[in-house]
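**Q** Okay, these came from TrEMBL:
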| type | residues | note |
| --- | --- | --- |
| BINDING | Asn112, His117, Glu122 | oxalate binding site |
| BINDING | His115, His117, Glu122, His164 | Mn(2+) binding site |
| DISULFID | Cys37-Cys54 | disulfide bond |
| DOMAIN | 69-218 | domain 'Cupin type-1' |
| SIGNAL | 1-27 | signal peptide |
Amino acid sequence: MMNSKVVPKYALLTVALLAFACSLAFAYDPSPLQDFCVAIDNPASAVFVNGKFCKDPKLVTADDFFRSVNIPGNTTNKVGSNVTAVTVEQLPGLNTLGISLARIDFAPHGLNPPHTHPRATEFLVVIEGTLHVGFVTSNADGNRLFTKVLNKGDVFVFPIGLIHFQLNVGNTKAVAFAGLSSQNPGVITIANAVFGSNPPINQDVLTKAFQVDKNLVNYLQQQF
């Protein structure tokens, strides 16, 4: 028979463990909606992050939740593609909802270059044309490449933070829409970031990282 004096001790321990577990469940940092947020003591020179100030609900109209993406983007550029973003910057009604969208137009053989969204998973659906798409896993997973050829009506998912791309493999234009799991997903185009940073990355860093001649690095930096 259990000692009645011991029971309260077990009960107290159980309550303490439950309280600790609950505190862990609620003690977390919200996902950032910007590249960084440096702490500041003086609020007068601070900015509001992780969302935007809310409009008075009495002043909200249907237009706050509407934006047209009917017009094709201009694809007359070096890569032959154009991304029309619909984030909280373009559609205020997205604020705090955790989603956004993008329309991607491709010229024949146009490319949406390798890039990553630091704050969102991407859900792509092809509306017109044929796209060769893919993503590369992290170093720990061996940088495996997953690719697929998508036709009209096909869907593909790019996990959050992983480098991915879309290439129009057809002789006609292509159109796709992407849903993203953040109101401000962010985008880092790999070539632009590595060879077009401001100021430029030291060429000694890039020649060693890519194991190429410094002249080639200089040429690539000049392209951006």
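Each Cβ is built from the backbone N, Cα and C atoms, and glycine gets one as well.
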**Q** Relative to the mean position of the Cβ atoms of His115, His117, Glu122, His164, the recorded Mn(2+) site, which additional same-chain residues have Cβ within 8 Å?
**A** Thr116, Ala120, Phe135, Phe158, Leu162, Ile163, Pro185, Val187
**Q** I'd like to know which of the binding-site residues His115, Glu122 has the most other Cβ atoms within 10 Å of its Cβ.
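**A** The largest 10 Å Cβ neighbour count belongs to Glu122.
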**Q** Including all protein chains shown, what's the count of other C-beta atoms within 10 A of the C-beta of His164 (Mn(2+) binding site)?
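**A** Around the Cβ of His164 (Mn(2+) binding site), 22 other Cβ atoms lie within 10 Å.
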**Q** Which residues, in sequence order, are found in the same chain with Cβ within 8 Å of the centroid defined by the Cβ atoms of Asn112, His117, Glu122 at the oxalate site, excluding those residues themselves?
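**A** Going along the sequence, the neighbours appear as Ala102, His115, Thr116, Ala120, Leu124, Phe158, His164, Gln166, Ala178, Leu180, Pro185, Val187.
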**Q** Roughly how many angstrom lie between the C-alpha atoms of Glu122 (oxalate binding site) and His164 (Mn(2+) binding site)?
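**A** About 10 Å separates the two Cα atoms.
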**Q** Taking only the binding-site residues Asn112, His117, His164, which one has a CA atom nearest to the CA atom of Cys54 (disulfide bond)?
**A** His117
